[in-house]
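Per Swiss-Prot, the features are:
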TRANSMEM  46-69  transmembrane segment
TRANSMEM  135-158  transmembrane segment
TRANSMEM  175-199  transmembrane segment
TRANSMEM  273-291  transmembrane segment
TRANSMEM  330-353  transmembrane segment
TRANSMEM  369-395  transmembrane segment
TRANSMEM  417-439  transmembrane segment
TRANSMEM  517-535  transmembrane segment
BINDING   Cys559, Cys568  [4Fe-4S] cluster binding site
TRANSMEM  575-596  transmembrane segment
TRANSMEM  643-665  transmembrane segment
BINDING   His654  chlorophyll a B1 binding site
BINDING   Met662, Tyr670  chlorophyll a B3 binding site
BINDING   Trp671  phylloquinone binding site
TRANSMEM  707-727  transmembrane segment
Amino acid sequence: MAPRFPKFSQGLAQDPTTRRIWFGIATAHDFESHDDITEERLYQKIFASHFGQLTVIFLWTSGNLFHVAWQGNFEAWVQDPLHVRPIAHAIWDPHFGQPAVEAYTRGGASGPVNIAYSGVYQWWYTIGLRTNQDLYTGAIFLLALSALFLIAGWLHLQPGWKPGLSWFKNAESRLNHHLSGLFGVSSLAWAGHLVHVAIPESRGEHVRWQNLLTALPHPRGLEPFFSGQWSIYAQNPDSTNHFFGTTQGAGTAILTFLGGFHPQTQSLWLTDIAHHHLAIAVVFIIAGHMYRTNFGIGHSIKEILEAHTPPGGRLGRGHKGLYDTINNSLHFQLGLALAALGVITSLVAQHMYSLPAYAYIAQDFTTQAALYTHHQYIAGFLMTGAFAHGAIFFIRDYNPEQNKDNVLARMLEHKEAIISHLSWASLFLGFHTLGLYVHNDAMLAFGTPEKQILIEPVFAQWIQATHGKALYGFDVLLSSANSPAFNAGQSLWLPGWLDAINNNSNSLFLTIGPGDFLVHHAIALGLHTTTLILVKGALDARGSKLMPDKKEFGYSFPCDGPGRGGTCDISAWDAFYLAVFWMLNTIGWVTFYWHWKHITLWQGNVAQFNESSTYLMGWLRDYLWLNSSQLINGYNPFGMNSLSVWAWMFLFGHLVWAIGFMFLISWRGYWQELIETLAWAHERTPLANLVRWKDKPVALSIVQARLVGLAHFSVGYIFTYAAFLIASTSGKFG
């Protein structure tokens with residue numbers, strides 16, 4: 001008889017109920033809990049899976065390039081980036097009638113196509129690609145790279161090629177490889193590509209393999225580099241009337257510090273970007289060589305941490321014991337990585353629209369909206385995941401003996417103070433923000449809008465002024481013509497910055513008022529509450545006053561009976577589960593704010609946001625309802641249009657979201673009864689009863705039902721907003 005699923009758990013494989021399938025799927029990636037797992041095999045499996053991950057990523061990016069080259073309109077878009085709509089790929093759908101075929105035939109295509117809102121066209125254009133041939137070449141290169149990584153993953157699972165445990169735990173060598181090898185050298189390579197290919201292309205000079213070694217990126221070649229006259233590389237930058245992609249107005253500089261945006265493309269100067277990557281490369285290549293690897297010189301991370309004791313001894317033993325705790329816990333490392341990557345992803349969202357790096361992307365409004373929203377949602381999931389693995393670390397990997405009186409132990413010791421302070425901050429923000437909104441609603445409802453409480457964000461405006469925004473009249477630092485910072489900025493560094501920050505047509509330091517003040521605090525409420533739930537979940541994961549032995553129950557347990565006063569909803573998993581709802585709601589507010597602020601900016605009616613954002617009805621009526629009108633009437637008895645698919649997705653997203661509640665608001669017993677009734681009916685129905693199943697059907701566990709509910713809630717929520725965002729933006733701006 002063939003071995004039953006799951007092979008990794010004999011106990012589960014022998015379970016006679018459908019629980020075997022669901023628990024098997026749920027624990028498939030929890031390698032630590034599998035039969036016959038050793039620490040070494042655990043590390044080897046994860047290491048090999050990284051190659052698989054890279055394979056999938058390169059295959060996906062290769063597919064993007066291939067489909068645009070095959071079915072897109074890249075060459076036509078390059079001729080007129082502001083008016084040609086970029087095509088992602090063709091659509092073949094047997095359900096399309098003639099009206100649909102006509103509605104989706106756009107961008108100069110011969111049949112129905114999807115428009116690209118990912119920004120890849122702008123990116124490829126900026127980095128020097130110009131023809132479909134370029135795209136095909138890139139696709140084939142990435143496909144080969146993908147195959148290479150797939151082979152590497154397989155290879156590192158073979159007996160002679162499996163790294164040992166000591167190799168995985170060598171922190172200094174890993175830092176050397178990651179900082180210098182991956183970050184440093186790749187940044188240097190990218191700076192090289194920008195200087196040798198992208199910048200010449202932006203000046204009308206076509207550099208490809210055949211002339212790469214003969215075309216000088218700078219007229220003086222390497223002579224200024226070796227003679228130490230590096231400033232020569234910054235002289236003669238592109239002029240403000242440079243026509244991107246041509247020699248008109250082009251300069252010869254390759255590494256500059258201009259600041260601001262290229263007037264025509266509304267994106268950062270390519271020479272500034274190249275300079276940035278070169279600087280990053282230098283910093284990281286040096287950083288990666290500071291640690292002790294083969295030669296007995298440089299820092300030892302363990303020694304640094306052991307020596308790091310706070311002065312005066314009042315803060316305990318500092319970082320003693322942390323090295324082994326972190327180095328022996330994959331969950332701790334993953335938690336740190338997710339937290340860092342989550343923050344970086346959110347920063348990417350903020351910087352992609354305020355400091356656009358790709359030519360013409362700032363004028364592609366739907367793409368700007370899609371990229372901002374996408375990166376904020378990704379950041380939310382990464383950040384919540386960080387706390388989930390932090391909690392698992394405390395349950396599975398934390399050793400109190402190893403960490404006596406160090407920073408970790410002290411966090412646990414004063415967790416009540418941390419949790420109660422977060423709770424206080426959340427309550428304060430919530431009641432005051434809601435109170436202001438509701439007061440303003442009441443005033444508008446009673447016909448006295450002048451009695452609203454409107455608070456100017458003076459501190460934030462002052463910070464904007466210090467960075468050079470003159471509108472508020474603060475006359476401080478960069479907004480003061482008398483300050484040394486202002487004078488240096490005119491010549492020494494970033495001369496283009498002040499023009500950019502005071503130009504109202506971009507998204508740099510947007511003008512803010514009372515509506516921004518309120519929504520800022522609403523978002524702060526969401527962030528603090530999400531953090532409260534996550535921090536409490538992690539700090540209470542080992543035990544709490546109510547349930548001191550919680551760690552014995554593991555990461556996710558539904559209840560521990562009535563004996564302790566009813567300990568349901570108390571596991572670390574439950575905290576994560578609750579936090580994800582808060583995370584999604586908070587990002588909802590963040591994206592609503594960003595999107596509404598920007599559509600009024602792009603349409604030239606910022607007064608609508610300023611006037612309507614100070615009360616809740618304004619948000620509901622003038623943002624959500626007004627912008628969903630095209631979706632609510634997306635297709636009707638009189639026909640359809642190119643927004644119909646988004647209207648359908650808007651409905652479908654609501655449906656998926658609502659299905660989530662079916663799993664969230666119910667009791668397990670109800671489902672078990674229902675399932676047994678259905679099984680009974682099935683067994684007594686002719687023909688149907690010829691089909692039998694081996695496993696006895698049982699209801700999902702409480703935790704599993706919550707997971708399924710949460711998954712539907714999240715997916716439906718994101719689908720709904722994605723359809724709303726893309727349709728309302730593309731419907732207005734084409």
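Cβ from N, Cα, C; glycine included.
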*asked:* Could you check whether the transmembrane segment (707-727) packs against the transmembrane segment (369-395) - three or more CB pairs closer than 8 Å, residues at least 6 apart in sequence?
replied: yes
Met662 (chlorophyll a B3 binding site) sits from Cys559 ([4Fe-4S] cluster binding site) (Cα to Cα, rounded, in Å) at a distance of 20
Same-chain residues at least 6 beyond the ends of the transmembrane segment (175-199) with a Cβ under 8 Å from one of its Cβ atoms are 126-128, 207, 212, 215, 217, 254-255, 270-271, 273-274, 277-278, 280-285, 287-289, 291, 293, 301
The sparsest Cβ environment within 10 Å, among the binding-site residues Tyr670, Trp671, is found at Tyr670
The binding-site residues listed are Cys568, His654, Trp671; by CA-CA distance, the one closest to Met662 (chlorophyll a B3 binding site) is Trp671
Rounded Cα distance, in Å, between Trp671 (phylloquinone binding site) and Cys568 ([4Fe-4S] cluster binding site) is 19
- request: Could you check if the transmembrane segment (517-535) is in contact with the transmembrane segment (643-665), meaning 3+ Cβ pairs under 8 Å among residue pairs at least 6 apart in sequence?
  value: no
One should report the C-alpha separation between Cys568 ([4Fe-4S] cluster binding site) and the residue listed as 'chlorophyll a B1 binding site', rounded to whole angstrom, as 29
Sequence-distant contacts of the transmembrane segment (135-158), meaning Cβ under 8 Å and at least 6 residues beyond its ends, amount to 44, 47-52, 54-56, 58-59, 61-63, 65-66, 68-69, 74, 124, 129
Whole-number Å distance separating the Cα atoms of His654 (chlorophyll a B1 binding site) and Tyr670 (chlorophyll a B3 binding site) is 25
Across every protein chain in view, the count of C-beta atoms other than its own within 10 A of the C-beta of Cys559 ([4Fe-4S] cluster binding site) is 15
Cys559 ([4Fe-4S] cluster binding site), DSSP three-state class -> coil
Per DSSP (helix/strand/coil reduction), Trp671 (phylloquinone binding site) sits in helix
